[in-house]
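Following: one structure in structure tokens, then a few remarks.
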Ligand SMILES: O=C(CO)[C@H](O)[C@H](O)COP(=O)(O)O
């Protein structure tokens, strides 16, 4: 899919998802290029329609964008729960299992998601896959001893690569951790992999979001499709 079309589909999914946000809600705001369109639309409604909600964000980038519109953002510990969280995803399969963390925000994203009453992903249709894993699986690892974690992953055949920025320095998450991307190509047993990763000392979180999402809004040529998770 060409970039221009992909951006159009991301934008349509973001605008559709913005309709779920109502006055008075506490809303979790995800991270990434699709969420940017969502926040633009919420910002427009905040300024033009007087929409008022309380936002909790999953990254400093999203905080900065939301606050640039005047949207009220609070600390996650200042609210009891999120009524609704809307985020992007890197891949999603038919069982509503997905990979997140392409933007290195997976830890805050998972914390916000797990404390949300309703959880929605916005994606363009290129993110829909039969089997997850082609997209490298992000794993957040603390810097101390990261080389040893990488060696353990190599020994297991996980094909780990430390994520670097353009200057060749390790990418830092908002918690000042590193991201190790696992080039697995396909993940046939995501539950087993998730358990193995989270039991590895030094791993803070991984980007497998398994059966967490309630609805996926898919930007398609035509109207965005709303898929509802039957297992939630
Ligand atoms: O998990 C994420 C950030 O950590 C993003 O939601 C994911 O990478 C999708 O991003 P985009 O909308 O730019 O394709």
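Each residue, glycine too, has its Cβ placed from N, Cα and C.
The number of other CB atoms found within 10 A of the CB of residue 127 (substrate binding site), across every protein chain shown, is 25. The substrate binding site annotation in TrEMBL covers 31, 32, 33, 34, 87, 88, 89, 90, 100, 101, 102, 103, 127.
As annotated by TrEMBL, active site, proton acceptor applies to 109. Neighbour density for residue 109 (active site, proton acceptor): within 10 A of its CB lie 29 other CB atoms from the protein chains shown. According to DSSP, residue 109 (active site, proton acceptor) is assigned to a helical segment.
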Given the binding-site residues 31, 33, which one has the fewest other C-beta atoms within 10 angstroms of its C-beta? 33
Relative to the Cβ position of residue 102 (substrate binding site), how many further Cβ atoms are located within 10 Å? 21
